[in-house]
Amino acid sequence: MAAIEISQVCKDYHGGVRAVHHVDIDIRDGEFIVLVGPSGCGKSTLLRMVAGLEDISEGTVKIGDRVVNQTDPADRDIAMVFQNYALYPHMSVRENLEYGLKNRKTAKTEIDARVAEAARMLQLEPYLERKPRALSGGQRQRVAMGRAIVRKPAAFLFDEPLSNLDAKLRVSMRGEIKRLQKRLGTTSIYVTHDQLEAMTLADRLVVLNGGRIEQIGAPLDVYHTPASTFVASFIGSPAMNLLNAELHGDSLAIGPSLFALNGFAPTSGPVTVGMRAEDFRLAAAGEQGFAFRVDYIEELGSQRLIHGMIGDQNLTIAFPPDVDVPAALSITIASEKLHFFSSETGKRIAGKAEQLGVQSAQMATA
């Protein structure tokens, strides 16, 4: 196991195209870090630079106490798990698990012990003599994970390992990866475009956009306090509602609706306001609220996603399945549940609720 330090790392391609811009990440020993973002955000490129499969244009990567910029991939003490399994089709499961260890001239008794341990952990014991073609997709991915585990590396690198699996199998494999990582305590970097996968696996998320870090933090911190409109729209399902609005004194204007903020206005003028679907409720008689026109409803069993409009802007709200929804209704949200972003930069504007939280934390530690 080892800490990994990524310092001011950049990646340039021919023609002056910069794919990764000055990335800094300090990964603690035993931590599970997930790099998440849309296609083309640089997450796989960054992982490949850590692995040594891509050259680093600027900056340094340190694994343990070694700077590994010029170190061959085989000598970096890492193990990778890929989307396409990368198994040898002519070898049995046992032979696939043994292969890397044999190449490193590991003693046979040690190979046998490591293979037996990995097979037991991954429930592969009944399949050790089978060829990959006789296995399901989930079983093949477990073999790929087993091949990484037997190496006992300083770090695991996962490059979208579940992308080829169906939805049900992805859920079970997510749990298996999380359980194994906690059991082994091995530092791990995991790449995915699936924000649900990222939220459920990570100790910390690194949200990437255009080759730059948008935010680093624990999953719930990123969810509840997104640093930008990009993060707000990418993390969470459904995505956070982002509406054009204007702050007038202590009131929020969204189209024709005016909403009192009770001292929570962080600034004045035009802003982008963010609202999570689950934070809305029906407004009581006489209570201030937004006029909401229903367009259509998605029934998900555990909740209803109601899509509609406030003025001329789209909005999605989430209600329990037993709530009756008329075609037009008045909805409300607590002032402290609102998120404010600059309408120019998209960056978060700290509201009074966050400022009060910081002050309370400072007083508690004083």
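Positions of Cβ are set from backbone N, Cα and C atoms, glycine also.
Quick look at what Swiss-Prot lists:
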- Gly37, Pro38, Ser39, Gly40, Cys41, Gly42, Lys43, Ser44: ATP binding site (BINDING)
- 4-235: domain 'ABC transporter' (DOMAIN)
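Averaged across the domain 'ABC transporter' (4-235), pLDDT in this predicted model comes to 94.
Counted within 10 Å of its Cβ, the other Cβ atoms near Gly42 (ATP binding site) come to 24, all protein chains included. Around the Cβ of Ser39 (ATP binding site), a 10 Å sphere holds 7 further Cβ atoms from the protein chains shown.
Within 8 Å of the centroid of the Cβ atoms of Gly37, Pro38, Ser39, Gly40, Cys41, Gly42, Lys43, Ser44, where the record puts ATP, the same chain has further Cβ atoms from His193, Leu208, Asn209.
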